[in-house]
């Protein structure tokens, strides 16, 4: 399997200054990256395993860039540094799959939904209790699908709110896939800590929204108000669509039954 043994060229135009508007990404970048083929060994299994998560194509580098220098990281991904980064959608698929597995293992949402199903005075109707418990199962089982569905919605929100920026819709989707991947990694930590700490949902929500707003501000340029508005609009749009899907689901289920 080909491996990179030579340094990948670095994009000299990538900066992390959030005081100016982001420059338009290049239409095309031509790179020549040397590869060295090695004799097959047990590393083949490792390469296949890590390659599924895109680790071999810069997992740690991607995380570091989007935690420390998201603007320079995103400009680099759109330019000559793309080979250093994980594919944003593939990365999100992997981390959300791990998060879905953790949800089942740790039952991170069980206590919240069980408490809601009981109500303040135990007066919740049997039908509502059944719906809440079913919603818990759906959220745990399809957490990865929900997160992936959020990419185009958040991409649409940031594209509209930052209409005059040089990025097209697909580039906005890539940015939101990166930030959702990092947020999901934070979610994995809160799931584990939630076993002992509790309040997992609140902690994750605060971290996720704060990080999302910060990334918009860093990548898209001046304007905290617009960054906050973009986070709010994207989040509201996501939950409206999610609520509509749940309403349709329960309506169809009740109609069938």
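Glycine residues also receive a Cβ, built from the backbone N, Cα and C atoms like all the rest.
TrEMBL does not curate its annotations; it predicts them automatically.
According to TrEMBL, the feature region 'Disordered' maps to 1-27.
The transmembrane segment annotation in TrEMBL covers 89-106 (among others).
Per TrEMBL, the feature transmembrane segment maps to 142-162 (among others). Note on the transmembrane segment (142-162): residues 89, 92-93, 96-97, 99-100, 103, 168-170, 172-173, 175-177, 180, 184, 216, 220, 226, 229-230, 233-234, 237-238, 241-242 of its chain, located 6 or more positions outside it, place their CB under 8 angstroms from a CB of the stretch.
Residues annotated as transmembrane segment in TrEMBL: 174-196 (among others).
Sequence-distant neighbours of the transmembrane segment (231-252) (same chain, 6+ residues past either end, Cβ-Cβ under 8 Å): 131, 135, 138, 146, 149-150, 153-154, 156-158, 160-161, 176, 209, 212-213, 216. Annotation comment: TrEMBL describes 231-252 (among others) as transmembrane segment.
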Ask   = Are there residues at least 6 beyond the ends of the transmembrane segment (174-196) whose Cβ is under 8 Å from a Cβ of it, and what are they?
value = 62-63, 66-67, 70, 73-74, 77-78, 88-89, 91-92, 95-96, 98-99, 102-103, 106, 108, 147, 150-151, 154-155, 158, 167, 203-204, 207-208, 211-212, 215, 219, 234
